[in-house]
Amino acid sequence: MKILVAVKRVVDYAVKIRVKPDKTGVDTQNVKMSMNPFCEIALEEALRIKEAGFAKEVVAVSIGPPQCVDTLRTGLAMGADRAIHVEANSSFLPLTIAKILKSLADVENPGLIFLGKQVRLALPFASFAIDDDCNQTGQMVAALLGWPQATFASKVVVLDKDKQFATVDREVDGGLETLSVGLPAVITTDLRLNQPRYATLPNIMKAKSKPIKKMTLEDLKVDIKSDIEIVEVTEPPKRKSGVIVSSVDELIDKLKNEAHASLWNYYRFSGFGVDGGPAAKELALKLNLANANLSSRLWVTLSNIEVRQASVTIVSLIAIGGVIFVIRKIFGAYLAVYFTIASPILYDIYNNGPEDRYFSPFWIELFKLQIFRSYKAKIMQSMRMDE
Amino acid sequence: MMRAILTKKKLVLSNAHRFISITNLSRCISTLILAEHESGSIKPQTVSTVVAANHLGESSSVSLLLAGSGSSLQEAASQAASCHPSVSEVLVADSDRFEYPLAEPWAKLVDFVRQQRDYSHILASSSSFGKNILPRVAALLDVSPVTDVVKILGSNEFIRPIYAGNALCRVRYTGAGPCVLTIRTTSFPVTPITESKKATISQIDLSKFKEDAVSRSRYVGQSTQDTERPDLGSARVVITGGRALKSVENFKMIEKLAEKLGGAVGATRAAVDAGYVPNDLQVGQTGKIVAPELYMAFGVSGAIQHLAGIKDSKVIVAVNKDADAPIFQVADYGLVGDLFEVIPELLEKLPEKK
């Protein structure tokens, strides 16, 4: 039986990446690359099955630029018998990768295909990875081949003597699930499956003479599918920096009084409660969003707008505006121009397009303001005329 | 003068009205959601997915697909019909084939259902069920799925986290087939339902449903922990222990604290690898993603992969002997101290939950 193992060259998992300021992707200067840890585990499991006598050959496959050959040499040094390098000059979506692997499986006829469960930080060409942490390729290959799948495998795969079934323990949300899959099958590996071996120096030397076959997409007759576009890459909202407390008492005190996590209001659903309630939480989110947008556009980090201060300001602006309006000063109407500042924040105008349901209310609010102002002007005018 | 004001009002109103109708040009969206159920009731992740489906557009019809066998399935179906007002239909597939949620028959079932009615979107939660089945469904339909969606900006634009949550990627689905998504349920919380609406329940006719003659995937068994503690993925309070706890017995302290606060117990990969707790308590990039109101980490160093799973928590508290531990950079409140002293003190000083 042959085992096919798909391996991927990725950014080393210990590297911390940064988003580029122009939002086109991440900073990839001089980033260390290595084999995806999940793929190493997949290869290790395949080698163990071969050493147990259930398989004759382990073939490593990698899809990507010429540098993938380094990853394949590592795989050969670990113990794979031969390797296949499918040349690609752009990033592919998992569906295309799955189609490539399916074509390879049709040619090679393996009894098992091993893949790593997910891929982190794959950056073959582009400065962002379309298939980052997707956890899709294995399932898709299984679907295209019509084979059973055993994903998130965490315990040793045992094959029965006739090589017809593999028993796999999978990690699922509720614990561990045991499946028996008929061969040929696709298995994706989770981190607890095994501890990959290190390539010893003699093996690294031997690997230099093992064959690496080069193939192209045309050879495999695969059409590239690109139905997902990356619009932009942004940084997530930053958390406010925390404080170090000096004792348990201080911690409990802070949690009780400062934290917005209503530990003590756990069972109470009150309108406003200690922290302003759901309305304030909503407002806090929107203020953070506005802040983030302004910061990214103006390149200046604005200090966080406090929810309490913001809501007090807005309410007082309305109040004062209303009072002045009543005293017949048109200035009152203009003061209610808080709308033009507050509405974009309240209605998330930059993230919502015409389809979103907040779009029309926002414009209605602006219209309201217009009506407000023009009526006031008209009334004042007519009153002056009457006099 | 009055007439002038009135006419102006009408003019402005009609303009506004026109604006509203333009914004409702979104295409008709009909969503199929793969529902998970257990012991006769729908899992909360499915309800979060329904909430997410609401964000896809105005005119959406949401259908829940349940598969299983026996009375627990029918119970779950009737509970699903009233779990959320936006559910318009519940489709039930009752057969022994679906007794356990295996990917192969489920994927074929979704394809079968879709052939009978065109759905513009197919959703599932980003649980091990959804992650196992939905990519298989997508490949059968020859579409690329978008996984782990945290925000829905429109019917085909989504935001998903990449690089362990260190960046957010905005993607647009431009394909012709149905849009297939897995939803990160912590980003779509379920608000308490006030109105109750019962959706229609229809049994799917499986007579024409042909699966492979010999099903090559068989369920053998499962080992799960049965606890009264709240589900880790949706708990409001999570207490996590790391490798510093050093033994299974010490983890009982974490459990006691969680019980006192009414929360769930979590663990880091290091703790699970060392065997202190079973794997379903693992929190992190390759474990569960949580977003509780309060997250307390004891003896957790704060590796990038662990932080990826807790970034969306409202308040993070960290207790660690090492003042340079990376966890203190994300924690809202940090206490440098020995957890073996801090936890008993907390147990003593925290008030009982009401």
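Every residue, even glycine, has its Cβ placed from backbone N, Cα and C.
What TrEMBL says about this one:
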{"type": "BINDING", "residues": "B:ARG243, B:268-269, B:282-286, B:299-306, B:ASN320", "note": "FAD binding site"}
{"type": "DOMAIN", "residues": "B:31-213", "note": "domain 'Electron transfer flavoprotein alpha/beta-subunit N-terminal'"}
Inset, instruction - Output, ordered by sequence, the same-chain residues six or more apart from B:GLN285 (FAD binding site) with a CB under 8 Å from its CB, or 'none'. - result: B:ALA164, B:GLY165, B:ILE304, B:GLN305, B:HIS306, B:ALA308, B:GLY309
Inset, instruction - Give the number of CB atoms, excluding that of B:VAL300 (FAD binding site) itself, located within 10 Å of its CB. - result: 31
Inset, instruction - Take the Cβ of B:ALA303 (FAD binding site) and count every other Cβ within 10 Å, whichever protein chain it belongs to. - result: 20
Inset, instruction - Specify the secondary structure state of B:ARG243 (FAD binding site) as given by DSSP, simplified to three classes. - result: helix
Inset, instruction - Find, among the binding-site residues listed as B:ARG243, B:GLN282, B:HIS306, the one whose Cβ has the highest number of other Cβ atoms within 10 Å in the structure shown. - result: B:HIS306
Legend entry - Stretch-averaged pLDDT - the domain 'Electron transfer flavoprotein alpha/beta-subunit N-terminal' (B:31-213): 90
